[in-house]
């Protein structure tokens, strides 16, 4: 088997051609071939997470990254490959444990593309017989990898001006000094620490601190502009204790040791901003960030990078509002100092967060449980809910006139009237008696449990009506639907209103105060003005039998009038079950008749008669009804489900259908069934078509094979996401989902796989794994491998390119996620074929950022969509983007209400060598192929689908837990001993279609 043309990549390879490592034998490709019919290896480009890639792009200058083999998934280590290094990179190196090999490359010749027959005789794929690779992943390093440099800026599209909520920060040259702070006795509260340091500065600024005003992070670090008059010094500060009512108590002494650690200046920062240095000076950025956060940290409630306070609304009444059930929201803002092309910028955005209402605990319980009569004992289930929601809250003690406070550790299992405790003289007394005698207070709600403070071994019991929840305590539990609606309604702002709120915040916060001036910082009050481009929408192809065969969307929208699905599915076996008790008996028949008529009118083939007669069943018997349908109609293609009138059964239905019976289902709300609305039926028809194997539309350029770096070679586009449990669910696993396109060149059908992993683990663990099989021993497995096998089965092709859209990764995790997940991808590829190294473009998709783009002229219909937001297709890759790396903001959708949030795409690896225009156009065009509606969507569909699939799998897990179905679940143990409840397997026929839509 020939390896000419470059199978491996990485370290020591020569240009694009079939270069061979000097230490590599010529017959190194003798392993068992796992892709039957494949006679030659497929070229990938060098370095995996490209040790040699520097910024990993075609012809893009010199690599300055020096990555070790233990940190980077180098393909030669995985596949023994040779071939391409980084194309056009003049120099690159890979450091191994023993030596560093440097190779100079100037070859520009494109290697020949190996052709693969589209019809292959044997599609069964077996495991390789080579010795299995170690599955331990390389260690993560936050600075191990440098990412691709920007391949120039995009030029396509209509140029427009927009404003962004980024404010230019100018910094004068200063020497910055870092001091370690040690406060004794140690306290957990940042607030107390800050109060100690404020008093220290007040008392000693002129006498001992050389007149300097330091910036303090609330923990261990103090920063000054210029040196203090000492290297190390200890101070004594007497801080008056603050009572719960705000008054001052007795003084408490603190010893504060301040010791010089290091100093820096702004030279490295300027070098980075001038693009003369690759490594960002994060230590310097941290100092400046602490300076800008110093004042708000003292004045407001700090939550991550956000600040909240009731004074941050338009007026005193606007700063807070009720969400229901004893919860309220506070207005606030997000603040982050960022490195951008225009220099340092301060990203400011308005925000809101949920807090506990500062009310008496009995009032809270009345709201939280929606009960009026507090003279009755709580049910056990309600008592547990109250215990969970109140635990760790701080309360004022009203029988001490609010001067004392305590922390709730739990609530009693018995009503307070039944609680007794033993006195020092060994006599017993009830809590009710104690409060009557000690405080002359008669407990009002004696049927309620008592608030417990202190430990379980030495509990202190307090009547609920004498405990008032302290103000400013964050509510971290999941908001219910009513609360979410109330929060959205209160915080939803149209673009001009949001922009004005942001401007007012910047003025109110006065970032140019004395402390900022001392550090040489000044912040402009004007939003950044940026040149953006509006990319043209793609032409969409529909079936030739429709009146309209092609559509050019306008402002991110179109409709299905006179159009037919490009590939209508054929449904020959279907039926309907209704679990609603409120709809008329004959309505399911009429609804299904009209729904099927809609499906047929849009291009599907649908047998009019159901496989078995429709079933009506009370919601208490969902499982029995579904099992009966499966027994009476084996091989059912589609089950239309009319949901129960009360919410809560959707997850159970999906779990049973998709993991136990192998039934594809379409659930419909009874209120929608009642309406018989045509638009609703059209939307449902779109979902049914893709769930039964059809395609609604495709990009015309895909049909014409006119998408650069996609349609020229077999390409698989993948989306990946990890969803985490809600706060408070401490034992629930995180769920990873990976979807992959199964049709090339159309790239429209996405197969979905899911996997459970350790609680709040962001890195996807099951992309590649070795599984111990009782008969076969160690067997290659994992999500990537399974998708690749399915791709070949569906297309007869082997992917030569991978476009991997990864959702849900924060900036601090970029290197770690790339290193681990690229290692897994390379191992999965190598398990299918030695030296099989397809080229990978790895793109992070971010929606949870705070950059907002506003039209230059609000109300100008030529510059906005109908909602007043910037137009769909607006892309920004200048000024507010990274100074060096390949990233861009793309607003691909039309706004509905409020202010649109553009998606942020950041390229971590690009072995395919996309230009800015190519990747931006591809991403924008894909946003028009989302299957569930005739609108462009806000993030690229593969990432969107991965999110939907992971969210669907959460139902499987939640149903398992809520139904007590332990017999169905499996568990495994991680390397650190954590037991993970495994997801029930999705049936094969279900996961072959877009079941999650």
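Glycine is no exception: its Cβ is also placed from the backbone N, Cα and C atoms.
Residues annotated as divalent metal cation binding site in Swiss-Prot, with similarity to another entry given as evidence: 721, 807, 947. Per Swiss-Prot, compositional bias 'Gly residues' is recorded for 1-16, 43-59. The annotation compositional bias 'Low complexity' is assigned in Swiss-Prot to 93-106. Summarising the annotation, Swiss-Prot assigns compositional bias 'Polar residues' to 116-129. If you look up Swiss-Prot, you'll see 360-471 marked as domain 'PAZ', on the strength of sequence analysis. Summarising the annotation, Swiss-Prot assigns domain 'Piwi' to 638-958. Summarising the annotation, Swiss-Prot assigns region 'Disordered' to 1-144. Among the features that Swiss-Prot reports, region 'Interaction with guide RNA' is placed at 893-901, 930-952.
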Identify, in sequence order, the residues in the chain of residue 947 (divalent metal cation binding site) that are 6 or more apart from it along the sequence and have a CB within less than 8 Å of its CB; answer 'none' if there are none.
721, 723, 737, 807, 808
If you count Cβ atoms within 10 Å of the Cβ of residue 807 (divalent metal cation binding site), leaving out that atom itself, what do you get?
26
Residue counts (helix, strand, coil, in that order) that DSSP gives for the region 'Interaction with guide RNA' (893-901):
0 helix, 0 strand, 9 coil
According to DSSP, how is the region 'Interaction with guide RNA' (930-952) divided among helix, strand and coil residues?
12 helix, 1 strand, 10 coil
Residue 721 (divalent metal cation binding site): tally of other CB atoms within 10 A of its CB:
26
I want the residues beyond 721, 807, 947 whose C-beta is within 8 angstroms of the mean position of the divalent metal cation site's C-beta atoms, in chain order.
719, 720, 722, 723, 737, 808, 845, 943, 944, 946, 950
Over the span of the domain 'Piwi' (638-958), how high is the average pLDDT in this prediction?
96
Secondary-structure category, per DSSP, in which residue 721 (divalent metal cation binding site) falls:
strand
Counts of helix, strand and coil residues, the domain 'PAZ' (360-471), according to DSSP:
38 helix, 36 strand, 38 coil
